[in-house]
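Q: Here it is, the structure, as structure tokens.
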Amino acid sequence: MSTSIKAIKESLEAVTSLLDPLFQELATDARLGVQKALKSRQKAIQADLAEEERLEAMLSYEKALYKEGYQAIAGIDEVGRGPLAGPVVAACVILPQHCKIKGLNDSKKIPKSKHETIYQAVKEKALAIGIGIIDNQLIDEVNIYEATKLAMLEAIKQLEGQLTQPDYLLIDAMTLDIAISQQSILKGDANSLSIAAASIVAKVTRDQMMANYDRIFPGYGFAKNAGYGTKEHLQGLKAYGITPIHRKSFEPVKSMCCNSTNP
């Protein structure tokens with residue numbers, strides 16, 4: 001009696017290598033369901049191998065630093081430089097050496113439906129996480145570039161008191177005035193897993209804040225646009241004016257401040 005297709009599918013789920021003899025054995029099974037399951041599992045393994053290769057490539061900066069003797073490498077990234085409203089948020093994340101988290105990438109490349117899952121995976125595996133938040137008022141005072149630096153420095157400061165302290169910083173396209181060895185990496189969130197981890201932490205943290213602001217200030221679509229200048233947001237500005245979380249140094253908010261009595 002031939003093995004049921006259900007049993008074959010269960011056996012295939014345990015296979016992790018394309019060279020597994022089970023593939024060759026099942027290749028002669030003429031049943032359509034078996035061949036479909038066979039191809040599906042082969043495709044899944046190929047995808048896993050490609051993901052493993054991608055993650056390994058994104059550890060190149062970290063691996064080079066481990067060889068130099070560094071032990072606790074922190075990735076640093078920010079989210080929220082461009083929006084018209086809300087804070088800029090930075091995160092500093094130290095992952096265990098050679099840690100790989102499936103699906104972890106530049107947060108802009110991760111489907112929104114997977115943000116929370118990967119965020120939780122980072123939180124579970126990280127040795128240390130720090131978050132820095134600079135509000136719109138300070139952004140207006142010092143400019144967004146300086147505010148981004150302040151958010152990053154605050155994120156690093158948040159690690160004080162935690163068991164693991166960074167001995168090297170990998171920073172997304174920024175250099176910080178701090179006495180810790182560091183490297184600025186252009187598009188770091190797409191090239192370093194540590195920075196990618198910081199990217200998703202900062203992204204989810206800020207999105208949660210903007211969703212809360214959406215409840216406080218309805219009509220601007222903050223939960224969907226995160227404060228960026230979408231059509232809905234601009235219509236909200238026209239209809240309701242500026243809110244306490246809008247950046248008065250950013251256009252068109254700046255012009256609205258000059259031409260109205262809005263606070």
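For all residues, glycine too, the Cβ spot is worked out from N, Cα and C.
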Q: Among ASP140, ASP167, ASP172, find me the residue Swiss-Prot lists at the same divalent metal cation site as ASP77, GLU78.
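A: For divalent metal cation, Swiss-Prot names ASP77, GLU78; of ASP140, ASP167, ASP172, the listed one is ASP172.
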Q: Give me the count of other Cβ atoms within 10 A of the Cβ belonging to ASP77 (divalent metal cation binding site).
A: 32
Q: Around GLU78 (divalent metal cation binding site), how many other CB atoms lie within 10 A of its CB?
A: 28
Q: Around the recorded divalent metal cation site, report the further residues of that chain (criterion: Cβ within 8 Å of the mean position of the Cβ atoms of ASP77, GLU78, ASP172; site residues excluded), sequence-ordered.
A: ILE76, VAL79, ALA90, ALA91, THR148, MET152, ILE171, ALA173, MET174, GLY188, ASP189, ILE195, ALA198, SER199, ALA202
Q: Sort out the sequence-distant neighbours of ASP172 (divalent metal cation binding site) for me: same chain, 6+ apart, CB within less than 8 Å of its CB, listed by position.
A: ILE76, ASP77, GLU78, SER184, ILE185, LYS187, GLY188, ASP189, ILE195, ALA198, SER199
